[in-house]
């Protein structure tokens, strides 16, 4: 007999496990099919910045969605610990977006429309982070842009979903999705299962399944390289950010530095040139990092869409098939809101119309960010 579920989620990264968790919490019989290990692809490669403001300079639909997701982490920190027993290691302190030039300053001043952003002059920056690099003209201080440990969040979502009754199948790649009377049939390497709904949440690898279900949307890999070092005692409380590079302090005593952006590269191994670029940028923000011992280097593939924004919604011609993929640099940040939105759509709960319109697959223009 085929296994039958309310919903099958295809993909066990932070997006897929968030969807499964929110559905299981609502009492839905849910399964996750993951081709490898849960959270071992793009999720494990991320630094975990909840940088709603780092990714958006102005208010708009994307920013509102990102802020809603960012705020959800406050609730989830305790909730996931209670249900799963896992601490997602949410770290307060915020982000300092640094200005080293007048053009940097002018760009950062454009964020003044956001009431959650505070401009600091150079002396105020050095009071907060006395070990920051020389030549800083000022910074935007964003208290709400905290960070979490992505692998811990994904494990917490997955274990939480299991505790609430979901099945999570690892090393179970999905081969096909087909609609039949009253159900969706999902065939994997381990057999066939049926569900009322199926959600494609496989990151950059979602393209093949999109093609199967008749959606002419592509996902483009953007390789991101990172490294971590062991902090030998230099004080750093807040994340430092400049020129698309960040230094994130971890509870473990490590500092995470990331991330490069290499479009079209499917290779998941870090390269010397990319790591060299990160070290150069990190030294300008925190000179003392030069003497720190390297812990490890790694890379992951971000899933980029044609306009840089995710596809979150229903198949335009089949209400039983949904998707949540293409989160690019923002998978960790957007995981809670994406999970809630998918669950609400499946449960028939209200969802903001502007979110549906902004992230539907058949949209014609990019979301204003």
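Cβ from N, Cα, C; glycine included.
Keep in mind it's a predicted model, so treat the numbers as computed, not measured.
What Swiss-Prot says about this protein:
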BINDING   14-15, 34-35, 42-43, 47-49, 174, 327-333  FAD binding site
BINDING   302, 329  substrate binding site
Euclidean distance between Cα atoms of residue 35 (FAD binding site) and residue 302 (substrate binding site), Å: 17
Fewest other Cβ within 10 angstroms of its own Cβ, chosen from the binding-site residues 14, 47, 174, 332: 47
DSSP three-state assignment for residue 35 (FAD binding site): coil
Three-state secondary structure, which DSSP defines for residue 302 (substrate binding site): strand
Intrachain C-beta neighbours of residue 329 (FAD binding site), sequence separation six or more, cut-off 8 angstroms: 55, 224, 302
Where residue 47 (FAD binding site) falls in three-state DSSP terms: coil
Coarse DSSP state, helix versus strand versus coil, of residue 14 (FAD binding site): helix
Around the Cβ of residue 35 (FAD binding site), the count of other Cβ atoms that are within 10 Å: 19
